[in-house]
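To start, the structure under review is shown below, and the notes come after it.
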Amino acid sequence: METITNFLLKLLILAPPILMALTVHEASHALVAWLRGDPTAKERGRLSLNPINHLDLAGTLVFFVTAWFGSGFGWAKPVPIDARRLSDPRRDTVWISAAGPVSNLLFALVIAGVLYLLVRAGVFNDFAQWKWFFGQMLMVGVTVNVILAFFNLIPLPPLDGSGILAGLLPPRAAWRYQQLNRYGFMILLALIFLPRWLPGMPDLISALVLYPARSVLNLLLPY
């Protein structure tokens, strides 16, 4: 029973910040796409801060399973983009791809600012249970947004970093690079899991995501 109770508590702390981080991320892609001339995502209800509009069934199930084991990892539906409707497809793809990570960093800054003001005001001084719960959600919100931003900057499909890099490369090089699309997800899974199974294999995910994220979090959460 204690395990179920701990799981539900963890779920209540993790779910709202993760849902909001994913929602802000995907809605930002939709917003910039619309501003650059492609209303496809807006027409399909993705220019919205309603998390339900962005939920992916598989990503949601994975979140519940991984939350049970401790991490709470999932994903949202990708935002549909029609490059033919963009003002300048190559340039606009860079802006649309960058919008997700940038929005997460800005959201993390806002949450950290709210948390800082509450700490300075002494809101958490009396150790009331609901205040601890709320404080934990805010700290998770900052952490998730920062990690999500750096994770999505990895230049591998289907992550945003691949869209940024493809838009910056010369057309021929970009075409060759985009041939990775069919293998990108498998390469990403290998980079995540193989260093844990094969001693001595470089942990690129930690180098590209966790180390820079930790530096930013030390600035945003100095307490």
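Yeah, the Cβs are placed from backbone N, Cα and C, and that goes for glycine too.
Where the annotation comes from TrEMBL, it is an automatic prediction and has not been curated.
Here the domain 'Peptidase M50' (131-191) has a mean pLDDT of 92 out of 100. Annotated domain 'Peptidase M50' per TrEMBL: 131-191, in sequence order.
Residues or ranges marked as transmembrane segment by TrEMBL: 54-73 (among others).
What TrEMBL lists as transmembrane segment is 94-118 (among others). With a threshold of 8 Å between CB atoms, the same-chain residues lying at least 6 positions outside the transmembrane segment (94-118) that come near it are 20-21, 24-29, 31-33, 36, 81, 124, 135, 138-139, 141-142, 145-146, 148-150, 152-153, 160-164, 167-168, 216, 220-221.
The annotation transmembrane segment is assigned in TrEMBL to 138-159 (among others).
Feature annotation from TrEMBL assigns transmembrane segment to 180-198 (among others).
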For the domain 'Peptidase M50' (131-191), jot down how many residues DSSP puts in helix, in strand and in coil.
51 helix, 0 strand, 10 coil
